[in-house]
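As recorded in TrEMBL:
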SIGNAL    1-21  signal peptide
DOMAIN    47-206  domain 'Plant heme peroxidase family profile'
BINDING   H71  heme b binding site
BINDING   T72, D125, D134  Ca(2+) binding site
DISULFID  C78-C111  disulfide bond
Amino acid sequence: MVKRASIIAVLVLSLISSCYGQVTVGYYNNKCGTKDVESIIRGVVSTRFSYEGAIVAFLLRLQFHDCLGGHTVGVTHCSVIKDRLYNYKGTQSADPDLDAFYVFFLGNIICHNDPNAVDMFVFLDSPDSVLTVDNSYYKMLLNHKGILPIDNAIAFDPSTSGYVNDLANNNDYFLDLFGKTIVKMGLIGVLTGNQGEIRQVCSKTN
């Protein structure tokens, strides 16, 4: 499955690049003598990805940053979720919608309730799947282990819960939609120079 996700990531990134550089499949045909350049590159990349699946997440983050790379390979920080662990809506306790054991794990292992503690990063996906593009993130949501409030909201809101269930129960369906979504995002115009800004926090402008 890692290999398949890796191949999808390569294809997606290739499609995105072609949107701006106008390089299409077959562009290098007959440009390097009799050598099939695309097959050579595909072979080298596929070989590398077959034994280093983690590169999937790295490439997606390089292209989109964690804000847009999909929560399947994304991260947040303890400072963002501490209220859910220790003082949800001023209750001095954890968010009751968050799995109790997960609260214990996060609070005791990663996000200590200490103002002087290091602001550690927290993976948004399952610990055993943080470097793999798959649907485990959606399975976590159904088990009340969504890290961010929005995660929990999409899992149990009637308008979106059906989608979450479909994605959690069908990894191939997830990979198909994920690839199509990334391609669409790659078509969004990129701001350059002083036209925009690189956000320091995903949810707000600097």
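Placed from the backbone N, Cα and C atoms, the Cβ positions cover glycine too.
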The domain 'Plant heme peroxidase family profile' (47-206) [mean pLDDT, rounded to integer]: 80
Those binding-site residues listed as D125, D134, and which of them has the most Cβ atoms within 10 Å of its own Cβ: D125
D134 (Ca(2+) binding site) to H71 (heme b binding site) - Cα separation in whole Å: 10
Disulfide-bonded residues compared (C78, C111) - the one with the fewest other Cβ atoms within 10 Å: C78
T72 (Ca(2+) binding site), number of other Cβ atoms within 10 Å: 27
Spatial separation of D125 (Ca(2+) binding site) from H71 (heme b binding site) - C-alpha basis, Å: 6
Spatial separation of D125 (Ca(2+) binding site) from C78 (disulfide bond) - C-alpha basis, Å: 15
Distance from C111 (disulfide bond) back to T72 (Ca(2+) binding site), taken between C-alpha atoms, in Å: 20
D125 (Ca(2+) binding site) and C111 (disulfide bond), distance between Cα atoms, whole Å: 16
